[in-house]
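Worksheet for the structure shown next.
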């Protein structure tokens with residue numbers, strides 16, 4: 001079974017409070033989401049492998065460490081996931097960015113791919129799938145499936161707020177994918193919104209309704 005990591009860092013929790021607040025405007029909301037994504041990226045990359053290299057400082061030769069292993073790819077789930085990408089790229093500027101778009105089938109109510117654009121070297125990368133919300137888990141499950149069937153092996157899922165139902169859905173469908181969240185909320189309401197949540201992340205990011 002995959003692991004669930006809840007980041008309780010004071011800066012993350014402080015900024016998340018204002019992200020939740022319904023009085024926070026679009027500009028500030030967008031900036032806060034980006035900032036929290038940066039802080040979460042710092043934590044999620046804590047286990048990246050290192051290798052020793054030889055360098056020369058202005059004073060002497062030295063042994064130093066650089067990141068080793070596979071390169072990273074960031075995959076936002078459209079459209080709200082886009083709001084987290086720049087924050088991650090501030091720490092990992094060389095990461096490649098793909099996109100996965102999903103729509104809900106009106107009859108089955110299940111997510112269906114409508115757009116998938118990934119780096120050409122999928123099998124050579126480790127991926128972080130990002131979406132501000134993990135509600136029912138349907139979109140996350142399908143996005144991860146889309147990556148796997150195209151050759152991705154090592155995938156992590158990162159979101160700001162999750163409901164227990166969404167976490168369970170991802171764990172059952174993808175027990176090899178660890179989940180990283182800023183807050184685990186109480187439940188989903190009858191309309192599928194996370195409670196207390198933050199509302200519709202996409203609308204709040206882009207100023208739409």
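The chain as shown is numbered from 1 upward.
The backbone N, Cα and C atoms fix where each Cβ goes, glycine too.
Keep in mind that this is a model prediction, so the values were computed, not measured.
In sequence order, 165, 166, 167, 168, 169, 170, 173 are the residues near residue 137 (5-phospho-alpha-D-ribose 1-diphosphate binding site), counting only same-chain partners six or more apart with C-beta under 8 A. Among the features that Swiss-Prot reports, 5-phospho-alpha-D-ribose 1-diphosphate binding site is placed at 79, 104, 131, 132, 133, 134, 135, 136, 137, 138, 139, 200.
Sequence-distant neighbours of residue 199 (uracil binding site): residues of the same chain at least 6 apart with a C-beta under 8 Å from its C-beta are 22, 193. The uracil binding site annotation in Swiss-Prot covers 194, 199, 200, 201 and rests on sequence analysis.
Here residue 133 (5-phospho-alpha-D-ribose 1-diphosphate binding site) is positioned 7 angstrom away from residue 201 (uracil binding site), judged by their C-alpha atoms.
Neighbour counts of Cβ atoms within 10 Å were compared for the binding-site residues 131, 200, and the top value is held by 131. Around the Cβ of residue 201 (uracil binding site), a 10 Å sphere holds 25 further Cβ atoms from the protein chains shown.
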